[in-house]
């Protein structure tokens, strides 16, 4: 009984925080599907990630707020015409996602060969045969509460993003991934350092203080022998 009361109290507390969250209110007002858009916005404003003419891939895109922000930023370019983005955003997720204007969405698991091939074809068409400028990954596993298992799952998703970036990024491209502070965090950072010349942690204000969520940014691929 006490456990049920505790869980109900937690749910009520979360709901209260969510309703009164300024980023939730801002997302509703500005038409973003999730408050996560402001995490990317803050990092982008700090690091100037999204530039006119870029090809951007959003891994684990659903519900779509990162794709929305990237698309809007490209559409705000002085070179953009008719409200269309100057560049391209390609989003992929295992989960379904409501369409985002001017964003190409692929539903599927990019670890599967046919889905990966489809993603490559879409990217090649968008980039004119060139490589990608920016890879975004807000992917997160279903957490079990078992620290060792959760760390392994988080590291695995980061590895997937790193492998994808290594193959498809331009030499001066960038990769931004979500991860969590925990037992595997330092290993993820080391993997980034082996692959990128510049590596930086980011904890935007829109990321809740209570959360161990953080982001790692890698820029400028190292030459892999």
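Glycine is treated like the rest: Cβ placed from N, Cα and C.
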Q: Let me know which member of 47, 93, 150 Swiss-Prot also records as binding S-adenosyl-L-methionine at the site of 64, 66, 109, 138.
A: 93
Q | Distance from residue 178 (active site, proton acceptor) back to residue 66 (S-adenosyl-L-methionine binding site), taken between C-alpha atoms, in Å | A | 12
**Q.** C-alpha spacing of residue 178 (active site, proton acceptor) relative to residue 138 (S-adenosyl-L-methionine binding site), in angstrom
**A.** 5
